[in-house]
Each structure stands twice: as structure tokens, then as C-alpha cells.
């Protein structure tokens, strides 16, 4: 997931929620949802989010708990969902699947041992976005009038595209790949406590004194979601060599190395499958009662579990701002 | 250049009106007056304050802007008794504010004005109803509303020519009715808006009980509250954005 090596290269700064209040954030929906899903599952008894039919909807608890963070700071989230899996990412997806299966085995072993704590921790690692999660996440967001965009492929590529076109002020993602997709500004840590972290593409390029293309080449050398990097090459070496030789091909030639599909991976970052065919209304007027009923009646989440979060959503949305009158 | 002498009570009234909304603010040291305009981080409540040069014992300024931490400044000014004079002087070189009260002198480090939230634009509002009442009456209505709810409805009944401060809780209701003869003045018009008590309580705290408060009100519009301080030489205007009425 993501490319943590990029962290050492990225221009990051802490910002306060005040600084970003009033802006539109194109959120990499899977990335965001995944965080809340694993936290919910880790700290909640599974009865709470399992319906009488046996469907697991921990995502609904996660969404109502995650949204107040946006609304209370006067941010409008636009959730950008992944479309199909990019073919190149198959390797990563099957690796994640293998990890899930491994966690599942360990979880069963832990249950048999009677180690509940270990079991619930492992349960969190077995989470994936099921069809029910896809359906109910959209169902809930729709009732809350939170904008949703369906990406043709990668959500973070589409979110970056929306920000590049100026239809969003920031991309919201915990990953660093948004830099490679050309997102001008990314807000990180929207799912954690405290202030967000701002990742600035232009400042990153200026600090490193490289072009956007060179940054992508550096990432490919270190390894991305779509390719294995060259063994032993970290961000510092990659930066140095790309600057020295000019681009990926020259570095590979100098090292006499080979990266599978390198041309396609490059192409994917430079020209990812994205669409201009989206529209959303950032004026949110949610039907809180319908959303509550959807979560507690239709999907049987106990009211006590989501009551406070819904109250926070309601409270943060009924208060208008003075900027509406200037 | 800035050098002024002012009574502690005037300065405190002025600073209190701003500190209920924000921690830090810019102070404009204009030639003829001192002014502050600030909005809270959520953009819900705004204050616009002017203290004319005439409200000072002496006042000299040439249009500079300083940034201050209000609670620190209030602490310093709080060392004075209400009737004592506070002497303020800006040290341009160190960018510090020297504060002298009788024999006590203190130095307040200033904040870079560029690091403070931008001063807000003032909303352009044409509000149909105007109610003039005593600070104590407003205080009574707000306290009553606070007993039952976290928001309050301000309403003018055009037909009966009365101002209502109302609140509806989960189980209990209050309605404080002020007829035209109870009020200092009433310009009747259709006006009905809902406000967060969190904000209104804070603003109310800063409004002197004996002040004459002018409330401008509309239909689901921000409310404007103004009152004068410093024996009429200073003016405070609050603006508060409404909540959306659900029913």
C-alpha cells in the first residue's frame, strides 16, 4: 500500500483545521474507509455490526464516526471510489489476499486457543470491502447527501485528477501516491487525531529539484503499488541516480537493471485512467433521520453505537457560517 | 508609532468583547481610532470593534497593525483596578508592547499579524426588524433559554409588536416575551431565526448589563447585536450566523 519511501522525499507540513476550513477534499474512499473499518472491527464486538442475515457492516459504524471530523471543521468531503482493479496491481491484490488468508488462519487458531484479544486484532486484518460494504457505504453517503464519484480505476488517481482540475482544493489520502498522480495538495491524517498534515507537490519538486516525471521515476526505482523496486535502492539513492542520469531508463541502463512493466507503470502515473465525466454538489443537505433509520433499522446496528456520532453530524451541519452572507 | 493612555475598564470592556470569540487577533492602530475585527475559527460569530481616539486619555498612532494573544494581554490589563489608567506603548524595534500600570511595567511579545486568521469581510445584511433593549433583558432571556436547550429562537411578532426569546428543549419550553413598551425601541418586521446558545452566551457575557443593545434580526439570517462602550466613544458589533431550522 502506498509508497512509504516517498515520505522521506515529500514536502510535508502541519496545518491547522482553521487553515483549510471551507475547502473541498476529494477523498480516496477506499483508503479512508479501510482505516475506519479496521479500527471499528478491532475495537467493537462483531455482534454490533453483524445483521441477523450475517452481513457485516462495520463500514456503517466507521463512516458515521469518521464524517464529523470533516463537517466540524467545515470541510466538504467528496468520496472517490475505486472502479476496477488496475491490471498491474494484480500482484499487490493477490498478495493482500494471501495476507488476509494467513490472518484468517491465525485468527481461527487464536479462537481455538481462546485468545480473544489476538482474535479480534486478527479479525481486523481479514477485512476486505465486500459487496455489502460497497452497497451500504454508498447508501449511507447518499442519504447524508455526501458527494460520491466513481473512478474508472484507481480512486486516488481520480481524486488527484479532480484536484488538478481545481474542482477540489485537496486530495485526502493517507498514501503518498497522490504525489505521483500529480495532486497539487494532499491532506493526510484525516483519519487520526490532531491536525492534518499537508503534502505539497510543487514544494516537493522544488525541494528535490526534480521534475514531476523524475519524481515518478524515483518512486518506480524504490517500488510502487504497481511494481517491485530494485533491491537495495531507497529514496536517497534513487533521487541521486535519477538526477545524475536524467530519467528511469538511463538509471536502469547504468545499473544494467530491469523493472518489469516499467513503461506501463510510468504511463499509469502520467496518464492514469480518469474521467472528466463527474459532477457533485458541495452544498450538503443531509436527511439525518433517513440515514439513522438506514443504519439502525435497515442494517440493524444498535442505536447506542451510532447515536453520538449522528448527533455530532447533525450539530455540525445545522449551523451555518457567516461566509454564506459575504 | 503607537502610544496611548486609557482607563482599565474601557480597555477591558473592549478586549472582553473580542476574547469571547478568538484567542488571537489583529489590532489596527489607526490615526483616529483603534479597531479590531475577528471571526471565530468556525466562521459562525464575528466581532467588529472600534474605540475612537476620544475614548482614550491620550492617543497617538499612525496606522500600524499588531497581532496579540488576547488572554495574555487581558491578564496584564487585569492587574489594574477599574479606575486605574493603563499606558500602552509599541516598541517598534523589538516588536513588543510595553504596558504600564502605576509602578508596574510589563512587556508583551506580539504575534506576527500574518500568522493570524484573516480579518473577515462583513456580511452585507439588510435586516427587517430592529429591537433595542437593555443588556440585562437580553441576559435574562438567554439564561432562561439555556435552562432548556442549546439553541434559542429570536423572533419578532409583527402583528402583536413583540420580541420573543424562545427555546424548546426535549421536554421543556421557555418563552420570554417583551412587548413594545418593555423595550427601548422596536422596529417591527417579519423576523425569526435560530441561534446556537454556545455563541450567544459568550457574546452576552461581554455585553454590559446596563448597555443599550440594538438587535437586528431577519428571517433565517445572521443576527447583528450592537452596543456602545467607553461612554459612547466605542462601538461593538457582533454578528452570529443562524442554525438551519429543521421543521
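Here the Cβ of each residue, glycine as well, is placed from N, Cα and C on the backbone.
Keep in mind that TrEMBL annotations are predicted by a computer and have not been checked by a curator.
Noted in TrEMBL for the protein shown:
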| type | residues | note |
| --- | --- | --- |
| DOMAIN | A:1-103 | domain 'XPG N-terminal' |
| BINDING | A:28, A:82, A:154, A:156 | Mg(2+) 1 binding site |
| COILED | A:88-120 | coiled coil |
| DOMAIN | A:142-210 | domain 'XPG-I' |
| BINDING | A:175, A:177, A:225 | Mg(2+) 2 binding site |
| REGION | A:318-326 | region 'Interaction with PCNA' |
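Sequence features, as recorded in TrEMBL, placed on the structure.
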{"residue": "A:28", "record": "Mg(2+) 1 binding site", "Cβ neighbours (10 Å)": "30"}
{"residue": "A:82", "record": "Mg(2+) 1 binding site", "Cβ neighbours (10 Å)": "22"}
{"residue": "A:154", "record": "Mg(2+) 1 binding site", "Cβ neighbours (10 Å)": "27"}
{"residue": "A:156", "record": "Mg(2+) 1 binding site", "Cβ neighbours (10 Å)": "31"}
{"residue": "A:175", "record": "Mg(2+) 2 binding site", "Cβ neighbours (10 Å)": "20"}
{"residue": "A:177", "record": "Mg(2+) 2 binding site", "Cβ neighbours (10 Å)": "25"}
{"residue": "A:225", "record": "Mg(2+) 2 binding site", "Cβ neighbours (10 Å)": "21"}
Summarise the domain 'XPG-I' (A:142-210) by DSSP state, stating how many residues are helix, strand and coil.
-> 24 helix, 14 strand, 31 coil
So around the Mg(2+) 1 site, A:28, A:82, A:154, A:156 aside, which residues have their CB within 8 A of the centroid of those CB atoms?
-> A:29, A:30, A:31, A:80, A:151, A:153, A:155, A:157, A:158, A:159, A:173
Closest of A:28, A:82, A:154 to residue A:225 (Mg(2+) 2 binding site), Cα positions, binding-site residues only = A:154
Cβ-Cβ under 8 Å with the region 'Interaction with PCNA' (A:318-326): same-chain residues at least 6 beyond its ends = 22, 74
Residue A:82 (Mg(2+) 1 binding site) to residue A:175 (Mg(2+) 2 binding site): how many Å between their Cα atoms?
-> 14
For the domain 'XPG N-terminal' (A:1-103), DSSP counts of helix, strand and coil?
-> 60 helix, 16 strand, 27 coil
Mean pLDDT, the domain 'XPG N-terminal' (A:1-103)?
-> 83
Listed in sequence order, the binding-site residues within 10 angstroms (C-alpha to C-alpha) of residue A:175 (Mg(2+) 2 binding site) out of A:28, A:154, A:156 are A:28, A:156
What does DSSP give as the helix, strand and coil breakdown of the region 'Interaction with PCNA' (A:318-326)?
-> 5 helix, 1 strand, 3 coil
Nearest-integer angstrom distance between the alpha carbons (Cα) of residue A:156 (Mg(2+) 1 binding site) and residue A:177 (Mg(2+) 2 binding site) = 8
